[in-house]
């Protein structure tokens, strides 16, 4: 069977080569920006950078982000090079991808042009930042927690449901950029009673003195444990009351910098499901290019989240797993030509809930089932045969030495979803991995049946989650 698979792959690649030799491939220009030579410093945004009216700021304007994590990065990592931080990011990303694949395989449930929203109505927003300078491949949003609101950075995660934040007193807390949230100083904090309907929504709940306790565990060994509660969240001045969240007193593992996590998944405890009636069950985000911009973009809730320039694909329901946003990927083109070996059957979600394709803001690198990845990689290599190859880097097996160049021509890459063709900018698939001019093809293969569209490929698009219309959209150049 293995020999047959190899023969079929060779046949498809040969057909693609014949097509390439008889037609002109489509190329686009990639402007080259390597990772900076200087060491990455803490993020330090002023009021005007964070938001035009300063509403994202905590009262003291103390926004310097520390660059270490007690369980993962040593104090010497404060001065880590961009190269080292990028490797760390990929290691953490690999953990996350494995967790998602394991969950899917087990069918388990885990716990106008859009920009700044128009004033009034049900729309509201918060700023979005890259976590690269903390060695994180994730993106952070800044929101207020409690009354009066204490502004903190939270991981923006469409692959998780439970909203949680570190709370004092800490049994064990990792280092975060903002002061630890103290629920005793919030007039809106309210514990959830054990046995209540809200407590019973948790996948893993227990009781202590009639208080509901939560626990969220991740496949890399990270976990958060504490009191399940309700609290007020504030998005650039807009208050959302009675949001169920975990107040974590014991938080350990591969967490970096942020105070907690804003769960944006499809499960019943996620923020969009809890508060969806308030904003019409529509939200969107745009993830800035982490290597080229330090300016934030926006996470938007409400009608203004839906961009007029977006192309939409239907959301696919997985009755076995309600957290993730599944979509139907039908193929991929390289240089304007469909790659023959990348067939819709490689991405099929079966009746048992296995396979399929999800869009995830918390995974960096897009992972495709191994046969699809190999076909995509080989087609790209063929189209980029004039570029000088470089050694593999981490999980990337297709890298190029582009030192001394300011721009190069690379084959176009288009992802074909049902009803929507998404043409990727060159910087979304050929990315810098060091300060010496090494760039790598930013896709990877997986032996799992589940494919994941990661945040590198989402950069610069406004990604629209229209739960009311059961569709997901992509709008290019959506971060303005």
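Note that Cβ sites are derived from N, Cα and C of the backbone, with glycine treated the same way.
Here is what TrEMBL says about this protein:
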type	residues	note
DOMAIN	139-475	domain 'Peptidase A1'
ACT_SITE	157	active site
ACT_SITE	360	active site
If you draw a 10 Å sphere on the Cβ of residue 360 (active site), how many other Cβ atoms land inside?
24
Sorry to bug you, but what's the C-alpha spacing from residue 360 (active site) to residue 157 (active site), rounded to the closest Å?
7
I'd like to know the mean pLDDT over the domain 'Peptidase A1' (139-475).
94
